Amino acid sequence: MAGRQREHPTVTPYLQETSPERPPPLPPKKKLRKNLQVPEQVHAPALSPEVVPDSEEDEEVLYHGFSYPGVEVVQKGNGKRQIRRLEKTVIPRDLTPPEEEENNQSGSSKAVTMLITNPQVDPLVSAWEKGMELMNVLMEKYHVENDEKTAFKFLPEQNAVYRKICQTWLNEERRGLSLTFTTQKTFTELMGRFLAAYVETYAGVKHHNWDTTGCAVWAHGCTREEGVLRCFHGREMIQKEQVVEVDVGSENGQRALKEQPSKTKVVQNRWGRSVVQIKNDDARCCAEDVSCGNNMFSSKSCGLFFSEGLKAQIAFKQMQAFLQAEYPQMQRGQQRILVPLRCECLNKKDLVPQLGRQMCKVTPFALSGAEDLKTSEVTDKSALASILHPCVLVFQCANPVYRNSRGSAGPNCDFKISAPDVISALQLVRQFWKENVEDPLPKLIIPEFKWSTRLQYRNVALPTGHGDAEVEPF
């Protein structure tokens, strides 16, 4: 036993392993599962202590792309750019989104767009239905024929239906209507235009470069100074002498002999025929027609001409007094008249210039016998306007053809209406509306007359086509 070596205790290796001089052993490594994907470690760049990194949720919209659907480019807080597709969310016009939803969606990446309605876009379908509904009632009430009723589509060129409705209403409600130098056909034509304009205004239909009434409000300025008249250019008209020869049997010749015996005489012309020679010392013409002969106009003329300047100014004063009597509280009607610009042959929507005048011819007519009436015996103010100023303005076809005279090469019609009857047509249409439509009378806006080169007198007609179904012309 004495020669056997001494055995060391078994706890010594353990104490040696756990001594503070050596670090503790690492735990055994576990094997990774094959189905587990470990993302690659991204080393963030070292930042300066003075730089505070932004949150990844912070973003800034750089710009929007106008594609369909729309996109927007945003920049994240970490500097990366992202293209985001905008999703269309329709929000009703009357529904206001709550503030809570806006706060909740402000931090999300989903963009919200509102559907904004363009106020300039007119709902044509609903306007057409509204106008057709009213016209169906009027056509049924005033006995429009079934063929015309079926063909009516509420189009601008279908003014004949409005004219027939007005004619039937006049026969039933205003029988025996008195007119002054106005034909019944022209009066109902103008009433039909005013009615069509009111129906279109009621329905909400608007036209571009076209006025349904064919009229304008003209600030003539012919009553400001005594003896001074102004043409459609707005310039002062020139006074010159005029000698006219007309046939004895014509309408103009007989009227001249009856109304102006001191200025007319019957002579024989160079062909030996008896004619009525009329000499006017107070004729007025446009400044562009000073060098032109009788019944001749330059290519820059407005076509306005008066054989007697004094009679024309009396007619303008009559219309001014007539409007003052009918509308005593008017604010903007002084020295303005309602002028029909387009007769039947000019009332075309293509607006192609015709040969001759491009506006209705304006002629002053004398009211024979009006000067014999006493103002003390008449109490009606509108009638007193004609007694004090016994002349009226008459609007005729742009290129009229008189009886027993040679026809002109341009288009013509029998359009003829006086200035007071133009106002009467507008007044009767307003009465018609109040009697037949429950809705209030819409506000009719008649444009103000402004001179344009399109209204110049045309001595040469533009070439026009007549249509052809063939593909090749030759």
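Cβ from N, Cα, C; glycine included.
Annotated region 'Disordered' per Swiss-Prot: 1-34, in sequence order.
When secondary structure is read from DSSP and collapsed to three states, TYR142 (phosphotyrosine) falls in the coil class. According to Swiss-Prot, the feature phosphotyrosine maps to TYR142, an assignment based on sequence analysis.
Following the DSSP three-state reduction, the secondary structure of CYS302 (Zn(2+) 1 binding site) is coil. Taking Cβ-Cβ distances under 8 Å and a sequence gap of 6 or more within the same chain, the neighbours of CYS302 (Zn(2+) 1 binding site) are CYS231, PHE232, HIS233, CYS286, GLU288, MET359, TRP451, LEU455, GLN456, TYR457. Under the heading Zn(2+) 1 binding site, Swiss-Prot lists CYS231, HIS233, CYS286, CYS302.
As a summary of secondary structure, the region 'Flexible loop' (244-278) carries 9 helix, 14 strand, 12 coil according to DSSP. Feature annotation from Swiss-Prot assigns region 'Flexible loop' to 244-278.
Taking the Cβ of CYS343 (Zn(2+) 2 binding site) as reference, residues of its chain lying under 8 Å away and at least six apart in sequence are, in sequence order, CYS360, PHE395, GLN396, CYS397, ALA398, CYS413, PHE415. For CYS343, CYS345, CYS397, CYS413, the entry in Swiss-Prot reads Zn(2+) 2 binding site.
Under DSSP, residues within the region 'C-terminal arm, DBP binding' (460-474) fall into helix, strand and coil as 0 helix, 0 strand, 15 coil. Taken from Swiss-Prot, the feature region 'C-terminal arm, DBP binding' covers 460-474.
Each of the binding-site residues CYS286, CYS345, CYS413 was assessed for Cβ neighbours inside 10 Å, and the highest tally belongs to CYS286. Within the model, the region 'C-terminal arm, DBP binding' (460-474) carries an average pLDDT of 86. Each of the binding-site residues CYS231, CYS397 was scored by how many other Cβ atoms lie within 10 Å of its Cβ, and the smallest score goes to CYS397. Counting only residues at least six positions away in the same chain, the Cβ atoms of LYS164, ILE165, THR168, TRP169 sit under 8 Å from the Cβ of TYR142 (phosphotyrosine). Same-chain residues with CB within 8 A of the center of the CYS343, CYS345, CYS397, CYS413 CB atoms, the Zn(2+) 2 site residues themselves not counted, are GLU344, LEU346, CYS360, GLN396, ALA398, ASN399, PRO400, PRO411, ASN412, ASP414, PHE415.
Every protein chain considered, the tally of other Cβ atoms within 10 Å of the Cβ of HIS233 (Zn(2+) 1 binding site) stands at 17.
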